[in-house]
């Protein structure tokens, strides 16, 4: 058997980690003896800003390996944010790294009129292991969500806070596993926390926060490669597909062979939405070359 999520294990482990729970303060104030702070509420030591962050751990069941995430799970997370939105100043979502960038991007579009900080984070190595990145990632995410108003869905990893829909996993074996090639980090947490306020979205608090959970599953990714056949494209575009992200070369180029273009034309006539996106980590789609038009 490999590594798998385990219910209730996290909160009990965190209570034994001084950097993530000030047990002396909790005992002194009888933190968990009042209705306001149940047993799943923990408290950080005082921060450099002389603030003390309280956080409550809520588990969504069943616990999943992130490889098994679906749009239904995105909707479950979004509804949980909506349910608790008025109770907390910010939110940290713990998530497996394999699909964390997908979830961050999806939630960024599902959350409308967001006025609070939402941070996804996780670890390459389980937080229970002696050498791991989970403790620092969780602490950094809590400090950012608890002390700053960054009204976006973000992803925090290895001392950097990224915009949720601009980040991707780039390394399977390094603690520095995520990057945002086309946008600088929103924040850096090193000796001090530095926020790139010019890049951060402004809060929209005039309208009520709400979430959109009606997700279309009939959307897919089609990656262009040398030698791709018209038959393969035709098979991919068959109903019930309603939209595709076409991952093309360079600045948006793809083979302009007649048989391929014909399959794309037929799909658009069936109202299939086709979005052109470059395979490259940096840069964007441009209609400079004939093969990109």
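Yeah, the Cβs are placed from backbone N, Cα and C, and that goes for glycine too.
Positions annotated as domain 'L-asparaginase N-terminal' by TrEMBL: 45-199. Under the heading substrate binding site, TrEMBL lists 66, 97, 98. Sequence annotations record features per position, and here TrEMBL assigns active site to 97. The domain 'Asparaginase/glutaminase C-terminal' annotation in TrEMBL covers 218-292.
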Other same-chain residues whose Cβ falls within 8 Å of the Cβ centroid of 66, 97, 98, the recorded substrate site, in sequence order: 65, 67, 95, 96, 99, 100, 122, 169
Nonlocal residues around residue 97 (substrate binding site), in sequence order (Cβ under 8 Å, 6 or more apart): 66, 122, 123, 124, 157, 169, 177, 178
Same chain, 6+ residues apart, C-beta under 8 Å of the C-beta of residue 98 (substrate binding site), given in sequence order: 65, 66, 67, 169
Neighbouring C-beta atoms (10 Å sphere around the C-beta of residue 66 (substrate binding site)): 16
Model confidence over the domain 'L-asparaginase N-terminal' (45-199) (mean pLDDT, whole number): 97
Where residue 66 (substrate binding site) falls in three-state DSSP terms: helix
DSSP-derived helix, strand and coil totals, residue by residue, for the domain 'Asparaginase/glutaminase C-terminal' (218-292): 22 helix, 19 strand, 34 coil
Farthest-apart CA atoms of 66, 97, 98, residues recorded for substrate, distance in Å: 7
